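Taken from TrEMBL, the feature domain 'G-protein coupled receptors family 1 profile' applies to 1-234. The transmembrane segment annotation in TrEMBL covers 39-66, 87-107, 127-151, 181-200, 220-237.
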Amino acid sequence: LGKCLISPMVLAAYAYNRSLSELGPGGRGEEQPGVLCQLFAFLMAFFGLAPTLLLLAMALECWLSLGHPYFYRRHLTRRLGATLGPLVAGLCALFCALPLLGFGAPMQYCPGTWCFIRMAGGGPSQLGFPVLYASLMGLLVLAIVACNVSSMRHLYGMARRQPRRGAAPAAAPRMEELDHLVLLGLMTVLFTVCSLPLIIRAYMGAFAADFNENADLSALRFLSVNSIVDPWVFIIFRTSVFR
């Protein structure tokens, strides 16, 4: 959904050879981004945070189902899972709309086809939101890594308990657990590597006054890479061809 909403704006900017601020109404370049640039910044912030919260929900579910199966069976229901998605989306939308209300400021990044929250070179009211955003992302990353590491430990223990040389039916579960272990480990590393640059740049811009637009743009690209590569990693590892 994020790619389908954001990509047409970028393609339109390249097609008309104009920046996002120039395409949308009310824009006057980088200092005063237009409506289209503000919408782009909101969508970038939203689709960076909402999937991370959903990843945390999935990591918690995986950890509870492997480490606390009785609690998982009694308290986690389908109704809870159905309400979690809209609830996460609503909370993320309210939080990411704060820059549109004055707490934080959207900014157009070179070459004019990217817009995100200003991460350096502004006042306390402008830099407060990226620090809060980065802090929340950092806490989510730590929680996801902790849950996934615990789940990997449980999977490793389950694989070790399987007999190494036994009947054929025992070999299949052991192989399946190892598949999940490798997949979970790879996705955890990929997610962490792609999320950390944005968190680091937000803190450096706020506390070290390091205004480096190219470095900020690289951090945004890292964040976008995660949503592109992750589904392919999942698809490849879930196929029988890989096994």
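Each Cβ is built from the backbone N, Cα and C atoms, and glycine gets one as well.
Most Cβ pairs under 8 A with the transmembrane segment (127-151) among the ranges 39-66, 181-200, 220-237 are made by 39-66. Under 8 Å from some Cβ of the transmembrane segment (181-200) lie the Cβ atoms of residues 48, 52, 55, 62, 134, 137-138, 141, 144-145, 148-149, 151-152, 155-156, 159, 218-220, 222-223, 225-226, 229-230, 233-234, 237-238, all in the same chain and six or more residues away from its ends.
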